[in-house]
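A short worksheet on the structure shown next.
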Amino acid sequence: MGKGKFDQIGSNRITLQWFSLMVLTSQIVGVFAIILLAILFGQYRGGFGWTDIDKEFNYHPLFMTLGMIFFYGDAILSYRVFRDVKKIRVKILHGSLLALSFIFASIGLKAVFDNHNYAVPPKKNLYSLHSWVGLATVILFGAQWVCGFVSFLFPKLSEDIRKAYMPSHRFWGKAIFSLAVASVLMGITEYSIFYKIYNNDEVNYQRNLICFFGVFVLIFAGIILYLVGHPGYQRPPDNEIEHVPLAD
């Protein structure tokens, strides 16, 4: 096969067209998942607002999905998409997307804690598996971000330490992302059961929105984990003079 059609990276032959299609598909299904959630809670579950605790709660699933799924997934993917850009720039983009993820997650956590604490009478906090896994995921995410920032961006540890830490950083990045996906799916299922959405045929459209949302989240996560796990899509050895771009 002609050299112009394929690019040899490691031991894998990959095409730019296939890679680009996978990335584009991930973004489309990710945006659709956010839109479905916004429609569900914005139109059918009371809307959004900070002055009403029930409306404030609706920010929780939306912001957690935005932060811990969409922006987190894109942050993980940044090293694959911008593989021919100077590494320092990709590091800044990666760290910025993760910081944005943490901001959205923090606001999402505030929304659910306010909903519980200011209810009359107050509701219990951290009583379900979803809440345990979700909070643990955000804590692990924050710790991962701090370790990555200190190790790779500023003050930036020695090369030997960075090389030793990198496998753990990659593993925990994918593991925490997987936990976030599990937590989001557990949360929307718990909400559906609590409000009897699954058993009420009068709101079957809400049930369908929830099911499609879950499917889109799984597709988005599956594509992200596939692209970052495929050795053929890894960034080439960092050489600011010569990079190996994906072939047209």
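Backbone N, Cα and C define each Cβ position, glycine as well.
Caution: TrEMBL annotation is automatic and unverified by curators.
The feature transmembrane segment is assigned by TrEMBL to 21-42 (among others).
According to TrEMBL, the domain 'Cytochrome b561' annotation covers 25-229.
For the transmembrane segment (62-82), the residues of the chain that approach it from at least six positions outside its boundaries are 19, 23, 26-27, 30-31, 33-34, 37-38, 41, 48, 89-90, 93-94, 97-98, 100-105, 107-109, 111, 134, 137-138, 141, 173-174, 177, 180-181, 183-184, 187, 217, 220-221, 224, 227-228, 233-235, judged by C-beta separation under 8 angstroms. Per TrEMBL, transmembrane segment is recorded for 62-82 (among others).
Counting residues 6+ beyond its ends, the transmembrane segment (94-113) has Cβ neighbours under 8 Å at 56-64, 66-68, 71-72, 74-75, 78-79, 125, 135, 138, 141-142, 145, 148-149, 153 in the same chain. The annotation transmembrane segment is assigned in TrEMBL to 94-113 (among others).
Residues annotated as transmembrane segment in TrEMBL: 133-154 (among others).
Annotation comment: TrEMBL describes 175-195 (among others) as transmembrane segment.
Taken from TrEMBL, the feature transmembrane segment applies to 207-228 (among others). Sequence-distant contacts of the transmembrane segment (207-228), counting only residues of its own chain at least 6 positions beyond either end whose CB sits under 8 Å from a CB of the stretch, comprise 19, 22-23, 25-26, 29-30, 32-33, 36-37, 39-40, 44, 65, 69-70, 73, 76-77, 79-80, 174, 177-178, 181, 184-185, 188-189, 192, 197-198.
Only residues 6 or more beyond the boundaries of the transmembrane segment (133-154), in the same chain, are considered here, and those with a CB under 8 A from a CB of the stretch are 64, 68, 72, 91-92, 95, 98-99, 101-102, 105-106, 109, 126, 161-162, 165, 169, 172-173, 176, 179-180, 182-183, 186-187.
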